[in-house]
Amino acid sequence: MPPYRSRTTTHGRNMAGARGLWRATGMKDEDFGKPIIAVVNSFTQFVPGHVHLKDLGQLVAREIESAGGVAKEFNTIAVDDGIAMGHDGMLYSLPSRELIADSVEYMVNAHCADAMVCISNCDKITPGMLMAALRLNIPVVFVSGGPMEAGKVVWEDSVKKLDLVDAMVAAADDHYTDEQVKAIERSACPTCGSCSGMFTANSMNCLTEALGLSLPGNGSTLATHADRKRLFVEAGHLIVDLARRYYEQDDESVLPRSIATFSAFENAMTLDIAMGGSTNTVLHLLAAAQEAEIDFTMADIDRLSRRVPVLCKVAPAVSSVHMEDVHHAGGIMGILGQLDNAGLLTTSIPTVHSETLAKALDHWDVTRTNSEMVHKFYSAAPGGVPTQVAFSQERRFDKVDTDREKGVIRSKEHAFSQDGGLAVLYGNLAEDGCIVKTAGVDDSILKFSGPARIFESQDSAVLGILNGKIKPGDIVLIRYEGPRGGPGMQEMLYPTSYLKSKGLGKACALITDGRFSGGSSGLSIGHVSPEAAEGGTIGLVREGDIIDIDIPNRKIHLAVDDATVAERRAEQDAAGWKPAEERKRKISTALKAYAAMATSAARGAVRKLPD
């Protein structure tokens, strides 16, 4: 049996000094020999998705200790992508994922912790912790802070649901008065929690359920609802059990790499496609798979996207449905249940909470069970009161939405679309692929051709859109915003939001080697690989070149002959692969270090040391 890692610092005469330091943290004689569990928190007052986590780490810690473990809490950083958006702060968002993964590794290995509970929530925090968990491969349970309630505002004599994106779009739309913009701003983000739609944070927290590393309801139970407290309490007890099973019973089935296998990654991506998750999840799953030493690639995502239907449409794809509605319909277990019915999942694999996913679905899918407890759990409703306090309300719907024909979650037979919610496109513009969230694309523009309007940065694109330089039929092309070229692969939420505000959301396309916020929708194609800074063809496109987009056939093509492309490449090789215009962008040493090691989006934008 493997020895407890913590014995390195708690046992032996030579560790008297280390034990002395442990005692100074509150440990007593009877604690030496118990599993030491790292409570990896991410509380910060900068981020609404994390503002309520301060006391939740200690809640988990108390449960760990009541179950016979020793809990030691530490914190990671957490960047709010919405606040960092639209300025140079966004350069730091994706690189922060690597810092989070590294910081977890540093703390856990430096102190020889035996297992972890990861308390995450927002965009880069869940992926960073997931990467660390698979890198370390010690028992882990994920529990996130939970989704925000959707905002609501009285608009033209009716109540309209809102989220962060509505505020951004309204601010750039001249049809809205200042008073109307303020009303939307005040209502868009009413509570603590991760932004209320199927944006990156909620997408990733949902995927931890499919990967088998979190408890049912983790992705969809509202941050404000009292039901969410149970997830934290159970996580504390569960992690002690998992640690004992591994270290005392030699049960390797509880390790992250035994749970998050290739099949589990397929399940997670299948879920992502079915629920129209954020395109950022592609980056993060590819990165996590590499940490797990699993050969899960863009080719696998492409394969899955061709056979998985869209079973759930959530904001930003539709404005009336948010995470609270997904939970009301049975949450992620409800979507996984329909995917299983369609034969699209591998359910023989284990989870942290059940022997197999199949058994978990039998217990937690509201269409399979009559359990009063399960149906009550998924009836949790928004409280409708602005708050930054977790577990502060107990409102419920009268009953769960089990309508799989016209409800929020559909069966395969009644799918919103038989074609998946995410697609990988290939062509001479993106030889290694690019990603589009098809769930957010109007059917009328699934095939689109138009002239390229070239911008060497997100900033210049925003000015071009707001100044009326973009016309219906144009393709906005933003380059040198990839992992290396940015550096940091900025999100393009402002350009997509401003296209909407100008009435161009269904009349234009946007292509970039950067990425998109989970809040983006429309014909927004990102992650173009290779990126411009790596010599990708996107760096050779010139103003007015025609680009053909064919989502049904998964193609993207620059309509320029090969000889001309070769001539341009030779010219660019001589001039150097850099933006044609100078950008007023301060690149710090930290960002330069990331850029020096960053790989392409097709590889998850992870770091790779030079050979």
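Cβ from N, Cα, C; glycine included.
Database features (Swiss-Prot):
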- Ser517: active site, proton acceptor (ACT_SITE)
- Asp81, Asp123, Lys124, Glu491: Mg(2+) binding site (BINDING)
- Cys122, Cys195: [2Fe-2S] cluster binding site (BINDING)
- Lys124: N6-carboxylysine (MOD_RES)
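Annotated features taken from Swiss-Prot, shown on the structure.
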residue	record	Cβ within 10 Å
Asp81	Mg(2+) binding site	29
Cys122	[2Fe-2S] cluster binding site	28
Asp123	Mg(2+) binding site	34
Lys124	Mg(2+) binding site	30
Cys195	[2Fe-2S] cluster binding site	31
Glu491	Mg(2+) binding site	32
Ser517	active site, proton acceptor	30
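Highlighted in sequence order, Val79, Ala84, Met90, Ser93, Leu94, Cys122, Thr200, Ala201, Asn280, Ser517 have their Cβ within 8 Å of the centre of the Cβ atoms of Asp81, Asp123, Lys124, Glu491, the residues recorded for Mg(2+), and are not part of that set. For Asp123 (Mg(2+) binding site) paired with Ser517 (active site, proton acceptor), the C-alpha to C-alpha distance reads 9 Å.
In the three-state DSSP classification, Asp123 (Mg(2+) binding site) falls within coil. With respect to their backbone Cα atoms, Cys195 ([2Fe-2S] cluster binding site) and Lys124 (Mg(2+) binding site) stand 14 Å from each other. Note: the Cα of Asp81 (Mg(2+) binding site) and the Cα of Cys122 ([2Fe-2S] cluster binding site) are spaced 9 Å from each other. In this structure, Cys195 ([2Fe-2S] cluster binding site) belongs to neither helix nor strand by DSSP; it is coil. Distance between Cα atoms for Glu491 (Mg(2+) binding site) and the residue listed as 'active site, proton acceptor': 5 Å, as a whole number. If you take the Cα of Lys124 (Mg(2+) binding site) and the Cα of Ser517 (active site, proton acceptor), they are about 12 angstrom apart, rounded to a whole number.
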